[in-house]
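Here the structure comes first, spelled out in structure tokens, and everything after it is commentary.
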Amino acid sequence: MAKKILYQDNARKALEKGMDTLVEAVAITLGPKGRNVVLERKFGAPQIINDGVTIAKEIELQDLAENTGVALIRQAASKTNDVAGDGTTTATVLAHAIVKQGLKNVAAGANPITLKKGIQKAVKFVVGKIAEYSKPICSMQDVTHIGSISSGNDVEVGTMIANAIQQVGKEGIISLEEGQSTSTELDIKEGMKFDKGFISPYFVTDTSRMEVIQDNPYILITDKKITLIQQELLPILEKVTKTGRPLLIIAEDIEKEALATIIVNKLRGIINVVAVRAPGFGDRRKLLLEDIAILTSGVVITQDMGLSLDSMSLDQLGSARRVQITKDSTTIVADAQKDLIQARCDQIRRQLEAATNSYAKDKLHERLAKLSGGVAVVKVGAATETEMRDKKLRLEDAINATKAAIEEGIVPGGGSTFVHLSEVLRVWAINNLVEEELVGALIIVDSLLHPLKRIVENAGNNGSIIIEKIKNSNFSTGYNADIGQIVDMYKEGIIDPAKVTRSALQNAASIASMILTTECLIAEQVDN
């Protein structure tokens, strides 16, 4: 297909036009009085949402040159969402403001490369100041405030997230599920859970609930496929039978004949046994089995270590306080040795620092949560499917924002941190930068005012007047758009995670700098 090539101002203008379209759709959701956006669906009900990154992902323009502008600014939102999980609308508004100011200067003859250097220096300075001013989270009340604000001022959600974090710890997993009722509920799963259930329904002990419950069982952990019951399993089964305790077998798989023999012994009441397949695949399976072994104080019977099933002893079996197995999942509640668990968690944290792709990071986070804290499940309740989707997105933002706040602390919310730091940046830039680098830094000074301005305008007031009032007050002062008053943000609980504030600015400036230094745009030529 033929290509359309645009140069200089024409290229930048096309990108700007696309950005204008996207930003207007996203910015109307900003702040406590931000409005909703309805997404039309070819199949199923329309979706009503208030989530910046989801709206940004939906927008596709007919003009492919303008659509490139949409795609670029969408990156600022997506990257912020990946890093901090919230602040996507703020990142979009900031990126747009930087591009708008920057393009005016480029059109007036400024050198985009020097402007970019000024922008980068200014952002580095502001990020340092955000870290300096951020306060660590001191109480569960702070966690509640963060959760409430990020979920659209829903105190009930904030309290629920605070309770979940208190139960599972900051490294625990909080997952979202669609509930069956109209109210949102919190369910805490104790112990380690993995997504493999019993191999055969003949193992079930509670037929009404179709599950297996074992108290104080031994646990045999192996990465082998069990094929020969006489040679491989019989010796250890006899030893376990003498103790009178139940046995859980976690293996790669069990051959039909071996499985049949185990089931017959179970049904005759000779031994209380249940078999499940090992979780995961390949190398990850071995790591998960090692995690289970550490949790249950057992040993993984593997050829790599020179261990075999026929020669194993009771000491090599793990043990647990309680095991609950359904057809889809296994939950092990064990009294593990704290020092061994801590060492394993530290090892996983080091792997997390070195991990590059998001899939590997997610899986490591999952392992860390299972070992260290446990899992909290929030069952989202709503009257309609449309409300359910909106609630899920808000809850997702709230959970991410809360975790970000625990990591890097909190700063005054509602865009007020940016307003206060814009004045600090102005003084620093005038004293430390010259010529076009100074112009680049002053672009950031002006752009930092835009998130608050938009929040105020969405609440139906004059942004410029409020900004002037906040500039002349102390750092914790900001604007409560909900009641339309200037207040102490910490006292009112209007706080943002420092990580979200920082990421929004860094990603916005990164994308905006790239757009400003664009001199040529190549896009598909669309025939009318």
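Residue numbers in this text run from 1 along the chain shown.
Just so it is clear, glycine is given a Cβ too, placed from its N, Cα and C backbone atoms.
According to Swiss-Prot, the residue from Asp335, Asp339, Asp496 that belongs to the ATP site alongside Thr29, Leu30, Gly31, Pro32, Asp86, Gly87, Thr88, Thr89, Thr90, Gly414 is Asp496. In this record, ATP is bound by Thr29, Leu30, Gly31, Pro32, Asp86, Gly87, Thr88, Thr89, Thr90, Gly414, Asp496; the longest C-alpha to C-alpha distance in that set is 17 Å. The Cβ neighbour count for Asp496 (ATP binding site), using a 10 Å radius and every protein chain shown, is 31.
Between the binding-site residues Thr29, Thr88, Thr90, the minimum number of other C-beta atoms within 10 Å of a residue's C-beta occurs at Thr29.
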